[in-house]
Amino acid sequence: MATTRMILRAIKKRPFLFPASSHSFSSSRHGSTLVVAEHDSGAVKPHSLSAVTAATSLAGHGNSSVSVLLAGSGPSLHQAASHAASSHPSVSQVLIADSEKFKNPLAEPWAKLVHLVQQQGGYSHIIAASNSFGKNIMPRAAALLDVSPITDVTGISDAQTFVRPIYAGNALCTVRYTGSNPCILTIRSTSFPIPQKSNDSKAEASISQVNLSNFDEADLNKSRYIYQTSQDDEGPDLGNARVVITGGRALKNAENFKLIENLAKKLGGAVGATRAAVDAGFVPNDLQVGQTGKIVAPELYMAFGVSGAIQHLAGMRDSKVIVAVNNDADAPIFQVADYGLVGDLFEVIPELLEKLPEKK
């Protein structure tokens, strides 16, 4: 087991400061891929950029072009379209559906939009991120297109063969798609990192409007958007953070959870929580990491008072460096940890806060 000094050494190595290497992909002329993308504040969300990465990897397996579909209304949509057009050299076209019907990510209008765009474009593959946006829309779109989707893909072997986790991530299943086009995929964004944008790449994809004249508006009133709530947080987004500090039920109450928040702030990381901590009301459920929460794969993952239930491990086992602190030497979290310390988190965290330098 590690000591506090070893944990400090692991943090000071700071592997999360080094950028990921870029990837190059080849292309051919036998297929095309549509990426259903989510945007906010004039930019494509990182989860959707990971879907673009997955789509470009198909280029080496017979797909010649990648198109990105954006929908919504107002200036932010067109700003996001410009962002998407320059997001990756393999993106050849950005399609925008400018209508108030798509202002909110409701499954009914968005699924019908995907159906319409597929009829117009005849894509061989349709890809979205396996987050709340993709999970909400893609199954309904697959039903409208009468195909079976392949969900939570973590690897692409060829244009018809994919890898996805089963049994809470304890096994990997290779799936071969034998159905008709399109092959619909949702991808785990942590498995398809966003490559660095090259400064030499100045070419941008064309931007086109989707023809909505034949859009079927029937049954759109089956659901309606009421409101959205989000937590005000100055730190990075949990799903994309390079450092994640997670607390479990051992923190005992919401007041003690501020220790986790203070450590995350000092390291410039995001705060995570186990399902037990969320169910106990310590933190809101959008901070939950695990099979029924968010899937993360940061450069550094620190778990305090986390036992390591199989459902939690499914959400963080792909982290590059895992540091665990628990007073139970037999806790399952130590089986996946790179550094482990058997100790009282109420002693370890204050010591780390004292010895760690302020983030510049």
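Every residue, even glycine, has its Cβ placed from backbone N, Cα and C.
Caution: TrEMBL annotation is automatic and unverified by curators.
As recorded in TrEMBL, the features of this protein are as follows:
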DOMAIN    33-224  domain 'Electron transfer flavoprotein alpha/beta-subunit N-terminal'
BINDING   R249, 274-275, 288-292, 305-312, N326  FAD binding site
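For A309 (FAD binding site), applying a Cβ distance below 8 Å and a minimum sequence separation of six or more within one chain yields T274, R275, G290, P332.
Note on Q288 (FAD binding site): other Cβ atoms within 10 Å of its Cβ, all shown chains, come to 23. If you take the C-beta of R249 (FAD binding site) and look for same-chain residues 6 or more apart in sequence within under 8 angstroms, you find T274, A276, A277, A280, F282, G305. Cβ contacts within 10 Å of H312 (FAD binding site), excluding its own Cβ and spanning all protein chains shown: 28. Here the Cβ of V306 (FAD binding site) has 31 other Cβ atoms within 10 Å, regardless of which shown protein chain they belong to. In this view, Q291 (FAD binding site) is surrounded by 17 other Cβ atoms within 10 Å of its Cβ, with every protein chain counted.
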